[in-house]
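Below: one structure, written as structure tokens.
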Amino acid sequence: MEGAGENAPESSSSAPGSEESARDPQVPPPEEESGDCARSLEAVPKKLCGYLSKFGGKGPIRGWKSRWFFYDERKCQLYYSRTAQDANPLDSIDLSSAVFDCKADAEEGIFEIKTPSRVITLKAATKQAMLYWLQQLQMKRWEFHNSPPAPPATPDAALAGNGPVLHLELGQEEAELEEFLCPVKTPPGLVGVAAALQPFPALQNISLKHLGTEIQNTMHNIRGNKQAQGTGHEPPGEDSPQSGEPQREEQPLASDASTPGREPEDSPKPAPKPSLTISFAQKAKRQNNTFPFFSEGITRNRTAQEKVAALEQQVLMLTKELKSQKELVKILHKALEAAQQEKRASSAYLAAAEDKDRLELVRHKVRQIAELGRRVEALEQERESLAHTASLREQQVQELQQHVQLLMDKNHAKQQVICKLSEKVTQDFTHPPDQSPLRPDAANRDFLSQQGKIEHLKDDMEAYRTQNCFLNSEIHQVTKIWRKVAEKEKALLTKCAYLQARNCQVESKYLAGLRRLQEALGDEASECSELLRQLVQEALQWEAGEASSDSIELSPISKYDEYGFLTVPDYEVEDLKLLAKIQALESRSHHLLGLEAVDRPLRERWAALGDLVPSAELKQLLRAGVPREHRPRVWRWLVHLRVQHLHTPGCYQELLSRGQAREHPAARQIELDLNRTFPNNKHFTCPTSSFPDKLRRVLLAFSWQNPTIGYCQGLNRLAAIALLVLEEEESAFWCLVAIVETIMPADYYCNTLTASQVDQRVLQDLLSEKLPRLMAHLGQHHVDLSLVTFNWFLVVFADSLISNILLRVWDAFLYEGTKVVFRYALAIFKYNEKEILRLQNGLEIYQYLRFFTKTISNSRKLMNIAFNDMNPFRMKQLRQLRMVHRERLEAELRELEQLKAEYLERRASRRRAVSEGCASEDEVEGEA
């Protein structure tokens, strides 16, 4: 038991030289023996232990059973056994996650320990003992939760020097507890070491649930009894003739008695010449491994009467123990008979010579089982009929009892009426009618009854006050424990996120290394290339295997992100699959590393922002990105800021009704583009999703809203992004209106896409200014960037960037306008400039430009490039460049129109000439 392990050093310290005394015992002087009990008990520190009644059992044998409880400080476990002398505990109660409760209306001394798995009902001898146990259990639980962890083998072990601070905090916590419930004094004789000297519990306290432990404890006690009896029957002549006082006996402690269920290695060795009283003390010491110092508390100078009383008590205890042993022997005998019967059946089965005989035995047993089953069914039916009959009889008895009670009440009422009338008649005879009788006895009875009620109410009030104080302290302490556990959990989650981010970084570097090796080797070495292909395949499949084998992973890379986009793009080419996995790992790593350092302060700033007002602070916050929980609200405000002069109530519903009345010319093209909208998003590919229907209605409503544009390819992606964030059709519709009609130039989505072409030329000039080396490299290989960047501007990167970065771009785009698109377009090329410069072939550059935007995973780095490295970037310069290139483009378009008109005129003149020539020939043929 745990108590033995804890008490061992204390006992040895309180009795120095115990080992020498055990080897060569000497008789102590009489003056030292007189105070031996007091000194031994004072030297022992207070331990939380004692006898409590535990309510348990099943069915008709449920009831209170006395158990010995003791607390283990290292494990925060409350162990209990049948007696204090048992070597092995019956069971334990985990107090680390338990709460305590006491009912004011319950029987005195009853309280409960509630754990997540069960509720244990206990009863103390007195109310004071109950409050003492509750308060001590609260303190032990708080000490366990507030205790510092074991010092690690790292430099952090220096934190172990904060012991005084922890003691100070513990003192403060105890002081706070005292404000709720006053400290309860230790009940004498009911709690602690002294409680173990009480008599053993009765026989009915044997635990049938823990029969194995009971057998072990009984065998241990039997061995102790044999040793005690052998010591007690020594010849009396061996007693010390020099002194009539018993010799003080000490013994070395068990080496490991703290472990429940483990017996001590060395049994205690008695002194050579003990008296009868010392023999009894030695027996108690051997039986009680948890408290090896009980025998130190026995008073030395006893009279003959006290010795006789001790012997009688020992005889009584042995008699009770003998009864319990007989009961145990009966139980074991029944178990042995069952085992022998099973053995006989097995022997008969094995002794059968042929399979037929064995089959006949099996059939015989089956028939017996069937017969027994039928008998059980018959008995069950009989039991049910008897139970039904008994219930009917019980109902009849209850009805008769109610009838009898009613008759008795009537009789009692009639007797009271008769008594009152008799008293009244007597009073009328004894007192004249003009004199009012005085009834002091009745007044006294009323006063006493009222006083008794008041006393009862005072007792109830005191009980409820005590319960309230205890529950307040319990709630206060549980709340503090919960906060402390929450802080620990938060710290562990932060540490796990950091470790997972580092793991993602290492894995991405590993995959990148495999990719480079694969590119470097090529087809030179078939064995090496085959090995690399296997490693790449294992790396690509490792995520799914790990997710299936480890069900408690903190935050695995999900297939879809929070907006439904695929986190790892599904490419067909093996190299692109590996690149997509690397990009997903890097993105996950940057996200995890930025959770605490960046995202948490950003969320706090957004939470404290309050009402949205255009300002420089809001501009910086939008550039940093809007947290997901605030993004719908912020986008609605930004859209309303753009379209408040266009917005009219009921406009969207009116447009929908107009579309239902007649079909729009662009409806067919819209229907074709619905299936091509974000094939990498589950909300638009799932057959049961409502997003495609919402998108169809939004695009049709916009076609009726803006007839000059109607519908243009690319609007479906803009509306889809708005739907994913805002989720409401009308909000997404007005977001599309804000982008097309207020943010983008007027002819951005017209038939000629004039403004879009102008922006491509402006981007070329800005790239030449900001990234001249890159533009020279692209010009050397004749790479036309507009083939890649045209779609960026048309759909605001909707098909290019991963969703985490894309939505940050949109946050700033909805507030600042198209300038943000130019900034991020330049930043994307700056981000990948080194990779592009390494490529020395135009075809390789085009292949890389197809997916290089998906390799961007560090959103913070990209944002820093866009809004810091690309400065200065003035809107005035952007307008001037747009104006210059618009004039050039319009001149080119006019020239093209003129050339087109000249060509059409020449072709028409040719057709006329050809038609005239053909007619003359026909006429000639007709004349002929």
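Note: Cβ is positioned from N, Cα and C throughout, glycine not excepted.
The stretch that Swiss-Prot tags with coiled coil, taken from the ranges 134-172, 680-718, 875-913, is 875-913.
As annotated in Swiss-Prot, phosphoserine applies, among Ser391, Ser768, Ser859, Ser915, to Ser915.
Tertiary neighbourhood of the coiled coil (875-913): same-chain residues 745, 752, 754-755, 757-759, 761-762, 765-766, 818-819, 822, selected by CB-CB distance under 8 Å and a gap of 6+ residues from either end.
The DSSP breakdown of the domain 'PH' (45-142), given as helix, strand and coil counts, is 19 helix, 40 strand, 39 coil.
When secondary structure is read from DSSP and collapsed to three states, Ser915 (phosphoserine) falls in the helix class.
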